[in-house]
């Protein structure tokens, strides 16, 4: 094989530099400088050159972020510097007592500063860089020994593979928090629910579980983020002298550092910061459960040192978790559209995080056995991550006499078929494809917002259609008549006409949405888009081999096998034929663009936040329009926000935008910006 010419080597350096700058701008600065299609083109060019000339591959190349599967176990390694946990304070009085303790140890210190940072609800990791290159990533573990997960760490785009320094220190260690943004957490749980799998209870568990995946490709698909918060410069005379300086140095090196930090001069300022974020944290795109307060001066930190468990110079000032006791009235099971049978605790209603909670998932029979939860038990429930209600524990001391352990049913409560628990799975399933619950779930999923988006066809109407024998499969929806629907309870001619129009309108939904609507196990909306981009028609996808499916970037073996198997089932082939006859879209159509080229729109490269209820557009529709026009939609208002799209009942985002002087748009103004001709 011929060696690479100087021109090829120069091109490789150029490509890496362009891709690294684009990645930094996108993931760290939140300010894209390159369109996705351009990034993908440059990435593929670099990948092709490295395939042809493997001697040019370097550890910091953008192509090396996602590697092959890890070995079947992680290697335990000692931390160079112990990764201590923090002492907790649950109110400002406990914080004041902590301050009194450290001041007694340093009576000569009269002037000091605190650095306040939000405590991110994720997993702590330690990164080692040598001569500017990432060489190791380790979990916290017990603080002394962690597990090396470097291939997984490399998939996190906000962690630089190479420091953005001309003359990097010989060796540094960076500590920080790997976490899942709320939107990504919800997307992952939606896909797990689609697949009939147990859901993650909260973003922290999801982040920890993701980091310990043996396949880096799965980690890459889950889009972890990373905030750096500690810097140790080893083997170098030039070291920062304060925590604040360290955070600024980390930013210079290319790390994402939480912008919501503050340098405080007094306990009163810490109090203000704590109270502010107790309210504002609900508007953040990630979960935070408190504030980390550190003494700023490193010399003072060194003077105070550590206890056996904690540093004396830092404390976690946490917000109280919302937990409450309630009584279990019943334990039932739900049968999902994939046949997954999920036990649910039905409880006396209780208020948590501003909502009334009376149901909590128990996930599967293993979790039921672990809790030993019984009807009549008093339990502690928590709005986990303020997202999913979960049963934390059973208070056995309050258990009534003569209660019986709960037994999972052996027959489906809907169709009475024998339930099975497939080998290697935690979930019990109904495998009867004619089960009414599976049909009901399939129809509701098909009509859902991210699938065919058939307005007016929710679960209640679906149940009416099934109970009256009008539909036996998804394809039957497209043969319904106005008079059939009008005869149903509480429908009438007007509602029936609206529903038929909505069903007919769904025939124009693109191939990616149709694919998602089919409900193939493990295929969520994002995966469906990946597949439809690579297989332009149902014929291409149904004839694809397992190998060609798995070779698609972002598609792992589990998804590939599920898709491959689904298209081999005769009933599914019949469903596809029937839907094709109903004129659904089973291929990617080339359309004349409705909107001007991205580069010519006023929204190109702009960041937009949406708040309130818009007059006609749904939030996901507005987001799609903005992104088609070259803009980017984020969840929270910051100094980087260009526009706030405002609807009715706008919340605190509007107040913050006004304080920052950010331009506001109405829906009408947005549509004129996107397409001035309309």
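Along the chain as shown, residues are numbered 1 onward.
Note: Cβ is positioned from N, Cα and C throughout, glycine not excepted.
What Swiss-Prot says about this one:
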BINDING   36, 37, 38, 39, 40, 85, 86, 117, 140, 177, 294, 318  NAD(+) binding site
ACT_SITE  119  active site, N6-AMP-lysine intermediate
BINDING   412, 415, 430, 435  Zn(2+) binding site
DOMAIN    598-678  domain 'BRCT'
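Projection of Swiss-Prot feature records onto the structure.
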residue: 86; record: NAD(+) binding site; DSSP class: coil
residue: 119; record: active site, N6-AMP-lysine intermediate; DSSP class: strand
residue: 140; record: NAD(+) binding site; DSSP class: coil
residue: 294; record: NAD(+) binding site; DSSP class: strand
residue: 412; record: Zn(2+) binding site; DSSP class: coil
residue: 430; record: Zn(2+) binding site; DSSP class: coil
residue: 435; record: Zn(2+) binding site; DSSP class: coil
Secondary structure content of the domain 'BRCT' (598-678), with strand meaning DSSP E or B: 30 helix, 17 strand, 34 coil
Which of 86, 412, 415, 430, 435, all binding-site residues, has a Cβ with the fewest other Cβ atoms inside 10 Å: 415
Candidates 86, 119, 294 (recorded positions) - the one closest to residue 412 (Zn(2+) binding site) by CA: 119
Residues satisfying Cβ distance under 8 Å from residue 119 (active site, N6-AMP-lysine intermediate), sequence separation of at least 6: 288, 289, 290, 291, 292, 316, 318
Cβ-Cβ neighbours of residue 140 (NAD(+) binding site) (radius 10 Å): 20
Neighbour tally for residue 294 (NAD(+) binding site), based on other Cβ positions within 10 Å of its Cβ: 22
Closest of 86, 140, 294 to residue 435 (Zn(2+) binding site), Cα positions, binding-site residues only: 140
Other residues, Cβ within 8 Å of 412, 415, 430, 435 Cβ centroid (Zn(2+) site): 335, 339, 413, 414, 416, 417, 419, 431, 432, 436, 437, 438
Taken over the domain 'BRCT' (598-678), the model's mean pLDDT: 78
Spatial separation of residue 294 (NAD(+) binding site) from residue 430 (Zn(2+) binding site) - C-alpha basis, Å: 53
